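As structure tokens, the structure follows; a few thoughts come after it.
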Amino acid sequence: TSVAIDVESKALVEPENERNATIVEVRHPSFKNEAKLHRGSALKQVIAAFVANLGTINTGLVFGFSAVAIPQLEDADSFIKIDDEQASWIASLSSITTPIGCILSGYLMDLIGRKRTLIITEIPLIIGWLLISTSRTVETIYVGRLFVGLGSGMVGAPARVYTGEVTQPHLRGMLSAVASVGVSLGVTIEYALGAVVTWTVLAGISAAIPILALILIIFMPETPNWLLNHGRTEEAKEALKKFRGETCDVDKEMDDLLNFAAKNNVAQLSGFKETVRALTSPAALKPFAILFTYFGIYQFSGVNPVTFYAVQVFQESGAEMNKYLATVILGIVRLLSTIAACISLRRCGRRPLTLISAIGCGLTMIGLGSYMYARTGWMAEGVQPTATWFPVACIFIFTIASTLGYLVVPWVMIGEVYPTQVKLFTSTIPITTHFTLTRKYVFMSISLCPDVLIIHPACSFGIHS
């Protein structure tokens, strides 16, 4: 409320005598209290996001496992002998079933709810890790990788949707990026443990994460949005109270959710024509095109090949640093960069972080490709390579740059840009395409003809740039 006050007497003045008075803004204390009343417990929302995204750590475990397991399997003392082609299948086979998991989870999320879908996702992960841990043939490893790939594909979308639906706007952006932190944490765990334990023990330890996630998610409520969309208003209100805390007045937020549902006509798409019409509307096609392109650029930037083959990449680069130590440090750098990206999302926005990723990844891959090309010439002439620190620096800077944008921004945007009515359909398509390209691109990268193998590292990094 604006009022006029005489500076000397500190008394209120009449409107006609305001010329020589000071206009000040007086805000009633109840406004601030009201804002606090509608802002729920941050701790409860953080816990909900953590539990929902605990399963995403498995995605990082799946990514990082091949980087440390393949060198052990290729060792002369390994009880399972593998060749280069079998190594490529171990690294990328999980990506075959990951798209299936993405599609399946999108269907299950709407049918049985976000919570039950998260519970189901942990089952193939547990089965897969136990199969790998007890395997005595490469074929059993293949089957295990198919199972963990299926679980990894299933967990991504429901974890992010659950987080987006149970958190308030001031926390949503940061907590939606927790999934990316989970992936980076999983990669770091595999890199660190893989340097000191065998691949069978590593797989057994990895099974503990989905078991823990399965137990914790059982005690979490279903999201209010899903309950509202299925006509369970009272249950939705009770769930909202659990996510916001006892001191939060959830009536206003419930009214907002109900009004939003009515305004946007958030009803289940019953017919084929209705579904096609909703999917082909400009409101759905524009964000779909943006994210489809984003995931394509992310995939071909070289992030996944570097992650899957981190140990071999350091070995091939000719770096003097111990390849396992370098890989562990790389995982830690990736984790810290992901956390920094989550914090930066609120301050910097999506576009600046994307530009940092694009420029950083491009320049470092050009530098790494150029060095590998020069190194090939040096080796052919019998000259000892110099500046062996340079490829290591390129790989680390590449990881930081890619993590700040490519590994965080598109996953957060999935929960922000799609209309509610088609979110489940459209959010799974870019993710499915992303993991399909993972399989094709990684396999292509390590399946070049033998006669070009000598220049493959330089060509590969050049293509990534």
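Positions of Cβ are set from backbone N, Cα and C atoms, glycine also.
Feature list (source: TrEMBL):
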TRANSMEM  46-69  transmembrane segment
DOMAIN    48-465  domain 'Major facilitator superfamily (MFS) profile'
TRANSMEM  89-109  transmembrane segment
TRANSMEM  116-135  transmembrane segment
TRANSMEM  141-162  transmembrane segment
TRANSMEM  174-193  transmembrane segment
TRANSMEM  199-219  transmembrane segment
TRANSMEM  288-312  transmembrane segment
TRANSMEM  324-343  transmembrane segment
TRANSMEM  355-374  transmembrane segment
TRANSMEM  386-409  transmembrane segment
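The transmembrane segment (386-409) makes no contact with the transmembrane segment (89-109): fewer than 3 of their CB pairs lie within 8 A, with pairs spaced 6 or more apart in sequence. Of the ranges 141-162, 174-193, 199-219, 288-312, 355-374, the one with the most Cβ pairs under 8 Å to the transmembrane segment (89-109) is 141-162.
Distant neighbours of the transmembrane segment (324-343): 64, 67-68, 174, 177-178, 180-181, 183-185, 187-192, 194-195, 310-311, 314, 353, 392, 395-396, 399-400, 403-405, 407-409; these residues of the same chain sit at least 6 beyond its ends, with a Cβ under 8 Å from one of its Cβ atoms. Looking at the domain 'Major facilitator superfamily (MFS) profile' (48-465) alone, the prediction's average pLDDT is 80.
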